[in-house]
Amino acid sequence: ALSMFGTTVGLYGIPWCKKSLLLTVLMSVIGASMGILDTGGNVLALNTWGAEAGPHMQALHFSFAVGAFVAPILAKMALGGSESKDLPVAEKANQSVPRSVPTASAASAASALKHHLGADFLWSYVVIGTYLLFVSFFFFILYSKGSSARDKSKASLQKCMFAKYHYALIFLLFIFFFCYVGAEVTYGSYLFTYAKVFAEMKENEAAALNSVFWGAFAACRGVAIFCAACLYPGTMILLSITGSAVSSLCLAFFARYPASLWVGTAVYGASMATIFPSGISWIEQYTVVQGKSASLFVIGAALGEMCIPAVVGYLQGRFRHVPVVMYTALVTSAVTVLLFPLMYKLANSPGESDLKEMGESEDRKALLSNSGLNEDEEDEEDAEDWNEADFEVIEMNDTLRNSVIETSRKIPGGSPAKGSLQPHLDDVLSDSPVVAGGSPGRKNANVDREKND
């Protein structure tokens, strides 16, 4: 919200600047605001959608690509329309008078043209600034009502763990974005000049080639919104860097052929489209991406956007017959191809928390297995105790039975007494609490022993 508001202030103030110092200050305010927006927009998308931020991240950067493609065309149409309407007036005023002699009509025509163009510029800045002001108010409203969401995001961040090589990953991704964004801006900036100087194209053909690059770039980012829902960010990065490496190799060595130049430019623009949003979504899967980390990504991209085109421009001026632009695209593509496997290896290395959890799980399994052994040993000991108790009960029953039988023999009429005492004996033995509390197997053993006796 603050970055959009700062951009609005700069846009409202630029048309009224009469001093270069004030214009520089306002342009610096807009640049700083856009840098904050690049950082805050990516982090806001990650905090809002979390692991499902892939399609939303692609949509965020697709809007940037559409603006970069459409805005110059609209500006050229607006300025071209104004020039076509007002320039004939100045030419008619100067037809009957030598050009070396200034006239009042020529001065008035020039001032009228300047005033009309200034009015167009003024309304353009006012319209865009008003739109951004509305968007900033919308974000302020979301911020005022999003305290619970911020608390949840802070709680989730506290639960998340950093990767083992967190800082190494951030540094490598810094270099990765430095090369990627620098190559993207360099190719888009110098393609028009390359087409005119090296490919000897006409001006309209060179402009069409430049439009093909940015059009493929924007179209592929639009398609990536739907691809991100079914493809992993790492897969999209792998496809992108492979396509950029192959197309840059083709452009570096076969760009003198028109067909190769057109096809290679389209493939290179499409391959470069999804790397930046996919890279942020990919790193978020392995470590926590906070404002500081995201700002390093944006700083790397901004440094690449600033340094690589400047170096290429200097080298191209020194070596006029060498296609430095195409070689730069090849070198930066090779660097990204080498960096991504290294980052993937570091990201998938087990961290300290993972090793700790693995150790705890192994200890838990060992404890469970030991407890199982102890339970089995206890069950065996209980079984032995119960068997010993069964034998003691059986011996006691045998002794009791023999004593009863001997007593019955001493009584006159032993057979009736024996017959009368036998049911009572069975009742006593069956009602014994020790025998009754045993298992069915132990009861059957006692009954069989009685039958044998």
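Backbone N, Cα and C define each Cβ position, glycine as well.
No curator has checked TrEMBL annotations; they are predicted automatically.
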Pick from 218-236, 237-255: which range has transmembrane segment per TrEMBL?
237-255
By a Cβ-Cβ criterion of under 8 Å, what residues six or more beyond either terminus of the transmembrane segment (294-312) are in contact with it?
35, 38-39, 42-43, 46, 170, 173-183, 185-186, 189-190, 276, 279-280, 324-325, 328, 332
Where, among 122-144, 237-255, 261-282, do we find the most CB pairs under 8 A to the transmembrane segment (165-192)?
261-282
Cβ under 8 Å, sequence separation of at least 6 from the ends of the transmembrane segment (59-79): give me the contacting residues as numbers and ranges.
41-42, 45, 117, 120, 124, 211, 214-215, 217-218, 221-222, 224-225, 273, 276-277
So which residues does the transmembrane segment (20-47) touch in its own chain, when a touch means Cβ under 8 Å and the partner is 6 or more beyond its ends?
2-7, 9-11, 13-14, 53, 56-57, 60, 153, 280-281, 284, 289-291, 294-295, 297-298, 301-302
